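Notes follow the structure.
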């Protein structure tokens, strides 16, 4: 908020404000949709598989992102109404807690996408050994390690967010992990293309191969949506830290509310991709709907 107020004095760009009604509607929709994904996986025993557990991890990250932006907006409204101050001790602790939630959401999303990509890679190229490599217990251990690391990192980064030594590794982690996942997908598709020619004469293997490639395409869509929704906000963090006085940086930071809304749109789009691409989830949603009726 302080940076946004200052930026108005050094740039002619008008600050874009998202209406509160739109903001809270998008946030509520994202939370409810991802909650529906979690309920569907819990209720359907056929979905008790490592891949769907990793998807649940991504859904939790999306819920945290929507919840963070909702709480932040409420905090700003209360400050404007005079119920809270921007520089009090309680407000500072509350702000650190919300920053920690944001970082937890971002790191959780990145590592969940990485886990999903690795799981899909094993499914495609080690199909016969998949159930031995990626057991349910091993998947739960991986998720426990991911969330323990993300929770510790989010607390540490939130407490020392004003230090450049903390901001730089955090912002570098985002493009680094995205580049690693992208390389994994490129490698996956190149190998799949060469394998497709070898197994063309085997009908059953071809069907299995097409099913796995459909999953890989779905996860590629997840990655593209994630980059489009989160990259603008991460760029905002970088500009706010390293060039807040530059008119061009200030002009970009004038769309802060739009970038925040994009994060919540990611939480809405992901469940739609799940429902559209997964027949098992679609059937589970139908059963849940019929039971509620």
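Quick reminder: no glycine exception, Cβ is built from N, Cα and C everywhere.
As stated in TrEMBL, the feature transmembrane segment covers range 102-128 out of the listed 75-101, 102-128.
Count of Cβ pairs under 8 Å against the transmembrane segment (140-162): among 22-42, 49-68, 168-192, 255-276, the largest is for 49-68. Residues 48, 52-53, 55-56, 59-60, 62-63, 65-67, 69-70, 73, 257, 261, 264-268, 270-272, 274, 281, 284-285, 288 of the same chain, all 6+ positions outside the transmembrane segment (22-42), place their C-beta atoms under 8 angstroms from a C-beta of that stretch.
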